[in-house]
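Below: the structure, in structure tokens.
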Amino acid sequence: MLFAPPNLETKELFWIIYILILIPKVFAKVMSVRELFPFFKWGFNIRRSNFLVPILSNNVIVTGEEAVQYEKPLPYIPQHNQQQQQKQQPSQDYIQQPQNDNNINSGKEQEQQQQQQQQQQQTPDITNQPTKTNKKIPIKELSNEEILIKLEKGEVLAYRLENELGDCSRAVEIRRMLLEKQLSKKIEPIPHEGFDFAKVQGQCCENVIGYVPIPVGTAGPIQLNGQLVTIPMATTEGCLVASTHRGCKAITESGGAKCTITSRGMTRAPVVRFSDIVKASEFVSWINDTDNYQALKAVFDSTSRFARLSAIKCTIAGRSVYIRFKCDTGDAMGMNMVSKGVEAVLEHLKIIFDDMTLLSISGNMCTDKKPSSINWTEGRGRSVVCEAMITGDVVQRVLKTNVQALVDLNIAKNLIGSAMAGSIGGFNAHASNIVTAIFLATGQDCAQNVESSNCITQMEACNDGQDLYITVTMPSIEVGTVGGGTSLPAQSACLDIIGVKGSSSSKPGANADQLAKTIASAVMAGELSLMSALSAGHLMKSHLQYNRAKTN
């Protein structure tokens, strides 16, 4: 305990006792120095000093009512600023207490100047600093619920989630949340887990919410050109795979099928317009010139390593001209490839014929995904012919019918019946069934099933009526083994089952040719089996057995 010497005045003794009480409370952060103002008349002000560092934490209390700046904030000096001030200003080892009013006033002015300097140092110079803006938080750093709110407000577009998030699976999950909220329905039965949606992005589908599993079965193997080929088929129609399998068995047991490609070439037919029919006729004559054709071929072929122009055919309608380009596209189905080449040729033609106006890069004489006689008569994609000789024994034992019944039914149904219906390319029993199933399994463009299913099935009795000769002619099978859906894992695996995954390393187009042959042979197997069931009256029985659920 401290005791005051006897020569101390009462005022000095008061301050010593007061400081002893004050210091613990200030350092314990119980009360601040400014909070003490109401309790005494003079107040304090804080000044930096090296003299009393061990005692008052580098602060000395200066008394006097004039020194207090009430209702003004005390300057806060960061530690690094204190160090800079100590370097810039000489330290004061001792501060004399003012003796008179003049000294007090001069000391007060010095303190005010020091405080102004300190405030200037603390206040940032906004003129020399860039304006701070609120940083936009990246979408991917938000929670799914926060992103959902932004989607509902229209601040984020649903179809851009993959690009915004950089995570295709998360984009699908959030889009499912949005759809369920909009519909007030659960879509849990549509699966989305366990799928690599990065392979879909920018190639196969937009606004993805999941995928639809389709059962995949295999028919065969069928002996095709001396090799056994297994045929993957994706379908929801019961009895289809079983029926095709039976046809494959009948063909293989009879020695197999033979198949050949008679023509190949994807087509694109833009439509252009001229000022009058004279200009249109001059244009067609120019195109038909051999030298001019070779010049256009050079332009077309320069756009791709694989695309090779094989023909140009022009058709006039008034002052409009439809230019049907046909080109080999290797193992790709080739629509994008041929369109790129056509655009280059049109730009070249525009330089020569300045009055030519392009109406559309597709004028519907291609013809893509629509029934048309031009595909039936001139072909598109791969033109394929497949044949087999089925022995009479196999017809009776495997197909449960006879040769003459099959021949008669084929004439009445597939030939006369289709003709009476005005069919174009539909002279068959159910070619599209098999084409679609294989298209789904192997990642083809299913809408091109329209022209790819063009087929005429023919049957003849041979060897004195003992055996059956069957053939299918399909002039427009449009397939590829690279690009589009062929890159998806399941579809790629189905192509691998056939043995045509990817592009051919030895001969461009060989894999797509083999896929077209496989489809034609499977169609022939399906035709053979269905026609046998119809001729024997077994169709309804088989469908009741394989194509109806027990609850129906």
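Cβ coordinates are placed from backbone N, Cα and C, and glycine is handled just like the others.
These numbers come from a predicted model, not from an experiment.
According to Swiss-Prot, the protein carries these features:
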ACT_SITE  Glu237  active site, charge relay system
ACT_SITE  Lys369  active site, charge relay system
ACT_SITE  Asp445  active site, charge relay system
ACT_SITE  His543  active site, proton donor
COMPBIAS  79-99  compositional bias 'Low complexity'
COMPBIAS  112-122  compositional bias 'Low complexity'
COMPBIAS  123-132  compositional bias 'Polar residues'
CARBOHYD  Asn288  N-linked glycosylation site
CARBOHYD  Asn375  N-linked glycosylation site
REGION    79-138  region 'Disordered'
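Mapped onto this structure are the features recorded in Swiss-Prot.
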{"residue": "Glu237", "record": "active site, charge relay system", "DSSP (3 states)": "coil"}
{"residue": "Asn288", "record": "N-linked glycosylation site", "DSSP (3 states)": "helix"}
{"residue": "Lys369", "record": "active site, charge relay system", "DSSP (3 states)": "coil"}
{"residue": "Asn375", "record": "N-linked glycosylation site", "DSSP (3 states)": "helix"}
{"residue": "Asp445", "record": "active site, charge relay system", "DSSP (3 states)": "coil"}
Residue pair Asp445 (active site, charge relay system), Lys369 (active site, charge relay system) - Cα distance, angstrom, rounded: 10
Cβ contacts of Lys369 (active site, charge relay system) (under 8 Å, same chain, 6 or more positions away): Ala447, Gln448, Val450, Glu451
Cβ neighbour count (within 10 Å, all chains shown) around Asp445 (active site, charge relay system): 18
Cα-to-Cα gap, Asn375 (N-linked glycosylation site) vs Glu237 (active site, charge relay system), nearest whole Å: 28
Tertiary neighbours of Asn288 (N-linked glycosylation site) (same chain, Cβ under 8 Å, six or more apart): Cys314
Recorded positions compared (Glu237, Asn375) - the one with the fewest other Cβ atoms within 10 Å: Glu237
